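S.K.: Structure provided below as structure tokens; questions to follow.
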Amino acid sequence: MAPVLSKDSADIESILALNPRTQTHATLRSTSAKKLDKKHWKRNPDKNCFNCEKLENNFDDIKHTTLGERGALREAMRCLKCADAPCQKSCPTNLDIKSFITSIANKNYYGAAKMIFSDNPLGLTCGMVCPTPDLCVGGCNLYATEEGPINIGGLQQFATEVFKAMSIPQIRNPFLPPPEKMSEAYSAKIALFGAGPASISCASFLARLGYSDITIFEKQEYVGGLSTSEIPQFRLPYDVVNFEIELMKDLGVKIICGKSLSVNEMTLSTLKEKGYKAAFIGIGLPEPNKDAIFQGLTQDQGFYTSKDFLPLVAKGSKAGMCACHSPLPSIRGVVIVLGAGDTAFDCATSALRCGARRVFIVFRKGFVNIRAVPEEMELAKEEKCEFLPFLSPRKVIVKGGRIVAMQFVRTEQDETGKWNEDEDQMVHLKADVVISAFGSVLSDPKVKEAMSPIKFNRWGLPEVDPETMQTSEAWVFAGGDVVGLANTTVESVNDGKQASWYIHKYIQSQYGASVSAKPELPLFYTAIDLVDISVEMAGLKFINPFGLASATPATSTSMIRRAFEAGWGFALTKTFSLDKDIVTNVSPRIVRGTTSGPMYGPGQSSFLNIELISEKTAAYWCQSVTELKADFPDNIVIASIMCSYNKNDWTELAKKSEDSGADALELNLSCPHGMGERGMGLACGQDPELVRNICRWVRQAVQIPFFAKLTPNVTDIVSIARAAKEGGANGVTATNTVSGLMGLKSDGTPWPAVGIAKRTTYGGVSGTAIRPIALRAVTSTARALPGFPILATGGIDSAESGLQFLHSGASVLQVCSAIQNQDFTVIEDYCTGLKALLYLKSIEELQDWDGQSPATVSHQKGKPVPRIAELMDKKLPSFGPYLEQRKKIIAENKIRLKEQNIASSPHKRNCFIPKRPVPTIKDVIGKALQYLGTFGELSNVEQVVAMIDEEMCINCGKCYMTCNDSGYQAIQFDPETHLPTITDTCTGCTLCLSVCPIVDCIKMVSRTTPYEPKRGVPLSVNPVC
């Protein structure tokens, strides 16, 4: 009997065992069975788990805010980029948060990092440790929505980490005169005490201002202050701190370790005698605030302050911090941590990594009064730390030279808000180790004496002006913890930033110079910012290739003026006509597209408009063009004009536009709606003969360049472009919007619907949804007409997409929908992004990057994961019993490394230098054309197959489903582990990669065996090719 071809074979049926099927009846399964099922598939922590995960010597990143590229892009695209954004008002260092998030969403990670470091020299550190819920995130407008606020800290960390991986040094402000031509004031000697966040920030800004003799004196043999010694490695790695210090040193700042502010070493008086013109004190609060009940207790007895414990942990876990490797403190048994701030929680989670069996966090007040950020508390809770509120320490019990317990009394708050201690309610807790985290003070008399003659306040701290950070001694400034204003790293950074300007102002005054009334601190610069992105086209010099399309952003010339002020290189006017052809628009007329699905707000992938050309007169536009060219001679202004098929009309309007001073003309022969009914726009642009003649008329009328704007609503756009060239056009714009009907409501009415009758017409679709159409138009024109100038438009919303059009053969880039999604300031992102993309092409070490995206490492939740198959010849997913196995294997490996005294190697910063010339815009135009051709030119011998990275796989089975119901049934899906496996029947179609939610979890690799198609029925004749 002949086999039934339309039924799956037995082996395929086996593969399809877990493939979704439509439900025909309710499913029955007992509660007890479902409880077992739940345990098998569980990914989050089990509430009934009493065994703490072994964390000894595990200093891997534990932050919930950490993001990989996939997560960062999704989060950045979710951001609204609000007007007058509240998040920015809540940031101590005044970061332009919405702008750096815009850059991340556009995959311009350098642009984001530049924006961050410009206002915060410790931008990576702050991205990791900032208490964002109390700061920027607390003001996020998305708190008013179901999905909640943006993970700003995670985005900041991601962008700055990518820049760190670029290994590009900071450079001196390029707008400053050469050092030898700077005034004498900039050679003034400046001293800073303490190499912590406040001093690093202050020194960085002073160096950016141009000061060349800046020295930081640090008491310890390591740098970074509390960022190094007290914030644990799993929250802030040492190589991050070192990276930011190296950025500062790129500007010539010197650091001398082993020198402290003390009467025994250096004082303000001796500093002044040595010729220092200004000093900044940023030494923090070096001594612990120790309760009287702990006097006389030692580490050997099991007592630590946070100032003792955390530096010991840091030295044992932070590779590169010290010259020699130090062991972690050995903590065993039960630990009591006293305090409820971030430091207390750092002590608790660090104790677990030093071997503690159980950790109790004890504090005087209730949960609602905990000062630590919620993330820190949540992490401690997840690691099974216990919380004991309303307890005040009374006595430490010592037996046999070791701490064995502590006594506490209960605290209560009365109706007036006052806290009282109830001696009748005693609590006795057994413990082996006690860690006090009750804050820090400045109590060393030698340090205070060294600060003489500055005044101190009633808290024993230097008295400063909170605006200028100036002490009672005009030449001495202070900031950070030591002055008591800053409570966080980011606030310390801002203290140093604030002080830098007023130090600058003070020094200049000492040399008889003045500074601007409004502070103007320089931005962060690298060699990327020096890249030239100007380009010439049709004899015109464009300062950058980005301009306004003839559309809504150019509705008026005052808008064009604002665009030029923002940095746009050129602009087209909105299309205008002779007065006899003037139009009046309908409303509504511009609507969001349906191509983004139910995603509302910015970032729309398409818009549809039924807007006609400008309602303003030709006289308005011509006078305005004259004004713009007078005020912006370096910017290109292109007048966009439209007439019916009438030689006299085209001649008249073209001459008027040329006489106005326009640099060039764009002939709108492609408006897809409305104007065609008047014999204009599309009515002319779809016929090569009409296009050729109109171009000839305009060529006869004017001397300036002109470009024909092409419509994609034709069968062969090249024939239209060729006709324009034959008619004398200097180039073409490709393309205008695509004619379409965006959507219908459930009652059959369209949107937009005009008037009571709710009628509509086909409109023009714009945005990233039409980018594939625009890319085809540009490449096909560039291939057919080599060297013929092309102005690209259609879905350009970033430097990355702009580069695609340059590679396709365009010379300049017109933007509309991206501005509708945001505002004119996106130009800054586009320019820095394009400069970075060009610069990175010259770095040999980064050739495996895709633009600004680093090569993907195996990760889960944005964090690198150890390859279990390398530690144990076994593949394990990350859920249920397999997750527990993974944790056990990792824990055993961490302990093995500790026992073998294997320390992680310190990361050394090696700056990458270009090995080849940085390409110009001209160099990259048309680069992609060599790869385009006919299907017949493609190889059907060089085949690929899919390869899955099991460590990155989240076991969703999307690859399995699409292969089953849209492909070749070439993926097996394990019923227990949900790990997919590619079979040898894979044809390399790439559908699996296309639907996979994890970037680079699936890759296509070369097929090692010949590809033999499954024909179903044997061929009856030999194929001809």
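Cβ from N, Cα, C; glycine included.
Okay, these came from Swiss-Prot:
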| type | residues | note |
| --- | --- | --- |
| DOMAIN | 69-100 | domain '4Fe-4S ferredoxin-type 1' |
| BINDING | Cys79, Cys82, Cys87, Cys140 | [4Fe-4S] cluster 1 binding site |
| BINDING | Cys91, Cys130, Cys136, Gln156 | [4Fe-4S] cluster 2 binding site |
| BINDING | Val129, 194-198, 218-226, Arg235, Leu261, 480-489 | FAD binding site |
| BINDING | 340-343, 364-365, Arg371, 437-439, 481-487 | NADP(+) binding site |
| MOD_RES | Lys384 | N6-acetyllysine |
| BINDING | Ser550, Lys574, Thr575, Lys709, Gly767, Thr793, Gly794, Gly795, Cys816, Ser817 | FMN binding site |
| BINDING | Asn609, Asn668, Leu669, Ser670, Asn736, Thr737 | substrate binding site |
| ACT_SITE | Cys671 | active site, proton acceptor |
| MOD_RES | Ser905 | phosphoserine |
| BINDING | Cys953, Cys956, Cys959, Cys963 | [4Fe-4S] cluster 3 binding site |
| DOMAIN | 978-1007 | domain '4Fe-4S ferredoxin-type 3' |
| BINDING | Cys986, Cys989, Cys992, Cys996 | [4Fe-4S] cluster 4 binding site |
S.K.: Which one is it: of the binding-site residues Pro197, Arg371, Gly439, Asn487, whose Cα lies the shortest distance from the Cα of Cys816 (FMN binding site)?
M.R.: Pro197
S.K.: Going along the chain, which residues at least six beyond the ends of the domain '4Fe-4S ferredoxin-type 3' (978-1007) come within the CB cut-off of under 8 Å?
M.R.: 15, 68-70, 856, 875, 877, 879, 942-950, 952-960, 962-963, 966-972, 1013-1014
S.K.: Give, as a single whole number between 0 and 100, the mean pLDDT over the domain '4Fe-4S ferredoxin-type 1' (69-100).
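M.R.: Mean per-residue confidence for the domain '4Fe-4S ferredoxin-type 1' (69-100): 97 out of 100.
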S.K.: Considering only the binding-site residues Cys79, Cys87, Arg371, Asn609, Cys959, which fall within 10 Å of Cys136 ([4Fe-4S] cluster 2 binding site) when distances are taken between Cα atoms?
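M.R.: Cys87, listed in sequence order.
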S.K.: Cys91, Cys989: which of these binding-site residues has the highest Cβ count within 10 Å of its own Cβ?
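M.R.: Per the Cβ count, the most surrounded site is Cys91.
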S.K.: Indicate whether Pro197 (FAD binding site) is helix, strand or coil by DSSP.
M.R.: helix
S.K.: If you run the three-state DSSP split on Cys996 ([4Fe-4S] cluster 4 binding site), which class comes out?
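M.R.: In three-state terms, Cys996 ([4Fe-4S] cluster 4 binding site) counts as coil.
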S.K.: So what sits near Cys996 ([4Fe-4S] cluster 4 binding site) in its own chain, CB-to-CB under 8 Å and at least six residues off in sequence?
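M.R.: Sequence-distant Cβ neighbours: Lys958, Cys959, Ile1002.
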S.K.: Restricting to the recorded positions Leu261, Cys671, Gly794, which ones have a CA within 10 Å of the CA of Asn736 (substrate binding site)?
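M.R.: Final answer, ordered: Cys671, Gly794.
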S.K.: Same chain only, sequence gap of 6 or more: which residues have a CB within under 8 Å of the CB of Cys130 ([4Fe-4S] cluster 2 binding site)?
M.R.: Cys136, Gly153, Gln156, Thr488, Thr489, Val490
S.K.: For each of the binding-site residues (Leu261, Leu669), count the other CB atoms lying within 10 A of its CB, then report the residue with the highest count.
M.R.: Leu669
S.K.: Considering only the binding-site residues Cys91, Gly224, Asn609, Cys956, Cys992, which residue has the minimal Cα-Cα separation from Gly439 (NADP(+) binding site)?
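M.R.: Of all the candidates listed, Gly224 is nearest in space.
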